[in-house]
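TrEMBL annotations:
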{"type": "BINDING", "residues": "His99, His101, Glu105, His145", "note": "Fe(2+) binding site"}
{"type": "BINDING", "residues": "His99, His101, Glu105, His145", "note": "Ni(2+) binding site"}
{"type": "SITE", "residues": "Asp104", "note": "site 'May play a role in transmitting local conformational changes'"}
{"type": "SITE", "residues": "Arg107", "note": "site 'Important to generate the dianion'"}
Amino acid sequence: MAVIKVRKTGEVIQGHEHVSNFLQKQGVLYEHWDIHKLPEHLKNKFVLNDQEKEEILAAFKEEIEDLAARRGYKTWDVVALSDATPNLEELLKKFEQVHIHTEDEVRAIVAGHGIFIIKGDEQTGYFNVELEAGDVISVPEGNPHFFTLMEDRQVVAVRLFIDPSGWVAHPYEEKEEVVK
């Protein structure tokens, strides 16, 4: 289950209902998928071949198609990041820059962990959303944010897109300091 940490105040928000309510007020979609649908041999596996990625997409076909129908997504894939990922440090440097997209950034975590750092309303400022397997998040189009890995440095996620070209980030010049 996701945990939120508000950077300005140090407030920690836990529990599905509290997390969902907070994120909804910030315009962020949050859902939870039944992670037990993931085949056993793919749990805690962070280096995947194309066939294994297709198995993940097949396991969550119903959820993916439902989300796509509700929100207009046209294409999806699976991304896996771990210390075994070639150029992981370069990828993280790119992901860890505050940026925006011209469409929602959607991730359904199926293994491991990740953190989205999202700019909230003026009163809230930036907040962390620590995600684990089963958590689904959609950062709204044009909303400044960035992503990084947690201490275990491994994640597998389903990504959904409207634009078939996939993940395209646009730099965002932050006027306020992003408190770490």
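The backbone N, Cα and C atoms fix where each Cβ goes, and this holds for glycine too.
DSSP classifies Asp104 (site 'May play a role in transmitting local conformational changes') as coil under the three-state reduction.
Of the recorded positions His99, Arg107, His145, His145 has the largest number of other Cβ atoms within 10 Å of its own Cβ.
Proximity of Asp104 (site 'May play a role in transmitting local conformational changes') to non-local residues of its own chain (separation of 6 or more, Cβ distance below 8 Å) is seen for Leu29, Arg71, Ser138, Val139, Pro140, Glu141, Ile162, given in sequence order.
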